[in-house]
There are 2 protein chains.
Amino acid sequence: MTTDFTATRAAFDLPEGMIYLDGNSLGPMPKSAAARVAQTITAEWGKMLITGWNKAGWMEQPAKVGNRVARLVGAEPGSVVMGDTLSIKVYQALASALEMNPKRRVILSDTGNFPSDLYMAQGLVRTLGPDYSLKTVAPEDVLAAIDDSVAVVMITEVDYRTGRRHDMAALTARAHDVGALAIWDLAHSAGALPVHLAAEGADFAVGCTYKYLNSGPGGPAFIYVAPRHADRVRPALSGWLGHEAPFAFEPGYRPGAGIERMRVGTPPVLQLAALEAALDIWDQVDMADLRAASLALTDQFIAGVEAACPTLTLATPRDHDRRGSQVSFRHPEGYAIMQALIARGVIGDFRAPDILRFGFTPLFIGAPEVSRAIEVLAEVMQGTLWDRPEYRTRARVT
Amino acid sequence: MTTDFTATRAAFDLPEGMIYLDGNSLGPMPKSAAARVAQTITAEWGKMLITGWNKAGWMEQPAKVGNRVARLVGAEPGSVVMGDTLSIKVYQALASALEMNPKRRVILSDTGNFPSDLYMAQGLVRTLGPDYSLKTVAPEDVLAAIDDSVAVVMITEVDYRTGRRHDMAALTARAHDVGALAIWDLAHSAGALPVHLAAEGADFAVGCTYKYLNSGPGGPAFIYVAPRHADRVRPALSGWLGHEAPFAFEPGYRPGAGIERMRVGTPPVLQLAALEAALDIWDQVDMADLRAASLALTDQFIAGVEAACPTLTLATPRDHDRRGSQVSFRHPEGYAIMQALIARGVIGDFRAPDILRFGFTPLFIGAPEVSRAIEVLAEVMQGTLWDRPEYRTRARVT
C-alpha cells in the first residue's frame with residue numbers, strides 16, 4: 001500500500017494554528033475518537049450491559065487490538081496483547097524473563113532508559129531478593145556489557161530524551177550469543193518507525209499507545225512475547241484473565257494459551273475503543289512510507305534549526321539508522337525557551353536538565369509546519385524572547 | 001443527607017422492560033457517562049493535548065477521584081488512589097504487607113475468595129521464593145486460622161458467589177492481636193453496603209469500580225493504605241507516577257508521599273471520566289440509606305422466591321449482618337434456569353457449579369422490580385421452562 005498522508009492528516013483534529021510537535025508524549029485526537037467511545041458507552045455498555053463481554057466482543061478486544069498493533073511492530077499474529085500500563089508490562093516481561101533464565105541474576109539496562117523501566121526493575125529486584133541486581137551502563141556501552149552474567153537485557157529502543165536509537169538486531173543477537181534474553185521497550189518506536197520484533201529475534205517487547213499511536217490519555221499498553229517462548233512463560237502477575245479458564249473459577253492458577261496468559265485483570269474497554277479509532281487510521285499506513293516521511297521532516301528540522309539557531313546543540317544522532325522520530329536540542333535555558341515556543345503555538349516539551357524535544361509524526365505534520373516551527377524557534381532565540389519571567393517560572397512539567 | 005432513590009434511578013439508562021439484577025457484575029450506564037467522556041475527549045484531549053495533564057487536572061485525577069470513593073468505604077481523606085485493575089492492586093497490597101512483616105511468610109485467605117486474588121497471591125509467592133506460602137481455609141474457619149505464623153490475612157469481604165459477608169472488625173482485630181496485617185478486597189462491598197475501613201482498622205483495602213460503583217467496563221480499581229502505614233510502605237510495583245518527583249526523571253526510585261506511592265503508570269483518564277459521571281450520583285447517596293433499602297429488597301426477594309420456588313436452595317446467609325447486597329440460590333440446573341430468566345428480561349448471572357446470583361442495587365432497583373423478578377422466576381421454575389435445549393447450551397459465561 002501507499003500511504004496517503006493527506007488522508008491521515010484529515011483524520012485528526014488539531015487546534016487551529018497550533019504546530020503540535022509533542023505527539024511523542026501524547027498523540028492528538030482522531031476525529032472519530034469521541035463518537036467511537038460514545039458508541040461503546042451507549043450502544044454496548046448501555047444496551048448490552050453484562051452481555052457486552054460476549055456480544056460486543058469486549059473479552060476478545062485485547063487480543064484483537066493486539067493483532068493490529070502487531071503489524072506496526074513487526075510481530076507475528078497472536079503474539080501481542082493489550083492491557084495495563086507500560087510500567088506493569090515491563091514488570092511482567094522482566095519477571096518472566098528472569099524466571100526463564102534461572103541461573104543468572106543480573107538485569108542489564110542503560111542510563112538512557114526511561115526511569116520508570118528502571119524503577120520497576122528496582123522494585124522487582126527487591127522482591128526477588130539480594131541475589132538479584134539491576135546494572136546500568138551508558139547507552140553506548142550496552143553491547144560490550146552483555147556478558148554471560150546477564151540474565152536479561154532491558155532496553156528502550158529510542159531514548160526518550162535524545163531520540164538516539166539502539167541497534168535492536170545487534171543487541172538482541174549479542175544477548176542470545178551469551179545466553180541472555182532481550183526485552184525491548186517500544187514506547188518511542190511503536191508508530192514512530194518500522195520495528196521488526198520477529199525478524200530481529202526479540203524475546204519480549206512492551207510499549208504504550210498514547211504517544212505515536214494516538215490512543216489518548218491513559219491508553220492501554222501492550223506486551224509481545226516471542227511465539228517460541230509464549231507457552232512456557234510463567235506469569236508473575238497471574239491474574240484471572242490470563243487463566244486458561246477464567247470463568248471456571250478454579251482455586252489454582254493455570255496459564256492460558258500463549259500470549260493470553262499475559263493478560264491480568266479486566267480490560268479497559270473504553271480506552272481500547274479510543275485506540276481502535278486511532279488504529280483505523282494506522283491500518284492505512286505503510287511503515288516504510290512513514291519512516292521515509294519522518295526522516296525527511298527530521299532532516300529538514302535539524303538543518304533549519306542548526307542554520308538559524310547556532311546556540312542550540314543537537315542532541316540527536318545525525319545518522320538515520322541511529323535515531324527515532326524525534327529531534328532534541330540542548331540549551332542551558334531549555335525550559336524557558338520551550339515555554340516561549342509554546343506561547344507561540346509551537347508545542348514541544350522539555351526534559352531536564354537541558355533538552356528541548358520535538359516529535360515528528362507524518363500522520364499530521366508536514367514540511368510547511370516544520371518550516372514554520374523553525375521560524376518561530378529562530379525568532380525566540382534571536383530576540384531572546386524566552387528571557388522573560390513568565391517563561392522561567394516552573395510549573396510542573398509534563 | 002437523605003437519599004432520593006427516585007432521583008438516582010432517573011440518573012441511569014436501563015433498557016426498556018429489563019430487570020437488571022447484575023449490577024454486582026457490571027453496573028449500568030449513568031445517563032451522563034457518554035457526554036462526560038466525550039467532553040474529556042474533545043474539550044480536554046482534543047483542545048489541550050499534552051497540557052491536559054496540568055490544565056484539565058488529569059495528573060491529580062487518581063487522588064481526587066480516590067477521595068470521592070474514600071467516603072463510600074469509610075476511609076480517611078487522602079488514603080485512597082485510583083488506577084490499574086483490582087488484580088494489580090491485590091498484588092501491590094500483598095507485596096507491601098509481606099515486606100512490612102518480614103519475619104513471617106504466610107498469606108492466609110479463604111476458599112471463598114475471588115480466584116484472581118488467590119492467583120495473584122500464588123504468583124507473588126512464586127516470585128518471593130519457596131519460604132513463602134498461600135494458605136486457604138474454608139470461609140468459616142478464617143478466624144481460628146489467624147495465628148502468629150500469619151504475615152497477612154487477605155479476605156474479600158463479601159463472597160462473590162454466596163453473598164456471605166465476613167466480619168471485618170473481628171478478623172482485623174484478630175489479625176492485629178497476633179501481629180498480622182489485614183487486606184480487604186471490597187469488590188462486592190464498595191457501593192453495596194457501608195464499609196468502615198478506618199474505624200475497623202483495615203491495613204490495606206482494594207476494590208473495583210465497575211460493579212456497584214457503575215464506572216463501566218474496564219473501570220479503574222482503587223487501593224487504600226491506612227494513613228499510619230502509608231509513609232512506610234515500599235511499593236513492589238514502583239512505577240514513575242508513584243515516585244516522589246516523577247518529572248525529575250531520576251535514575252533511582254524514591255516513593256512519593258503517602259498514598260501517591262501506590263500509583264504506578266499513566267492514569268486511565270477516559271475510564272476515570274466515566275467513573276466521575278457515576279460518582280456524581282454517588283455523591284448524593286447516604287450509605288446507611290442505601291443499606292436499609294438494599295436489605296429491604298434482598299429480604300423481599302428471599303421471602304418471595306422461597307415461597308414460590310421450593311426447589312431453589314438459599315445460598316446467602318439470612319442474617320443481615322452476614323450478607324452483602326446480593327442473593328444467591330443453588331440449583332443443579334442453575335445454568336439453564338438463568339438462561340431462561342435472561343430470555344425473559346430478568347438479568348442475573350450464573351457461577352459454577354450451581355449458583356444463581358442476583359444483585360440488588362437500590363440506586364436503580366425498587367420493590368416492583370423485585371416482585372416482577374420473583375414472578376418470572378416462579379414461572380420459569382413451575383413450568384420447567386428452563387428445560388429447553390437453547391438454555392442448556394453453554395456459551396462462555398461472564
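Cβ from N, Cα, C; glycine included.
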Review point. Of the candidates B:Thr42, B:Thr51, B:Thr266, which does TrEMBL annotate as part of the pyridoxal 5'-phosphate site that also includes B:Leu86, B:Ser87, B:Phe114, B:Pro115, B:Ser116, B:Asp117, B:Thr156, B:Asp185, B:His188, B:Tyr210, B:Trp240?
Key: B:Thr266
Review point. B:Ser116 (pyridoxal 5'-phosphate binding site) has how many other Cβ neighbours within 10 Å of its own Cβ?
Key: 26
**Study point:** Local Cβ density at B:His188 (pyridoxal 5'-phosphate binding site) - other Cβ atoms counted within 10 Å
**Key:** 27
Practice item. Run through the Cβ atoms and count how many others sit within 10 Å of the one on B:Leu86 (pyridoxal 5'-phosphate binding site). Key: 29
**Study point:** Among B:Leu86, B:Thr156, B:His188, B:Lys211 (the recorded positions), residues with Cβ under 8 Å to chain A, listed in sequence order
**Key:** B:Leu86
Point to revise | For B:Thr156 (pyridoxal 5'-phosphate binding site), nearby residues of its own chain (Cβ under 8 Å, 6 or more apart in sequence) | key: B:Gly112, B:Asn113, B:Phe114, B:Asp117, B:His166, B:Trp184, B:Asp185, B:Leu186, B:Ala187, B:His188
**Study point:** Spatial separation of B:Leu86 (pyridoxal 5'-phosphate binding site) from B:Lys211 (N6-(pyridoxal phosphate)lysine) - C-alpha basis, Å
**Key:** 12
Revision key, fill the gap. Excluding its own, the Cβ atoms lying within 10 Å of the Cβ of B:Lys211 (N6-(pyridoxal phosphate)lysine) add up to 28
Practice item. For B:Trp240 (pyridoxal 5'-phosphate binding site), just count the other CB atoms lying within 10 A of its CB, please. Key: 27
Check your understanding: Around B:Phe114 (pyridoxal 5'-phosphate binding site), how many other C-beta atoms are within 10 angstroms of its C-beta?
Key -> 22
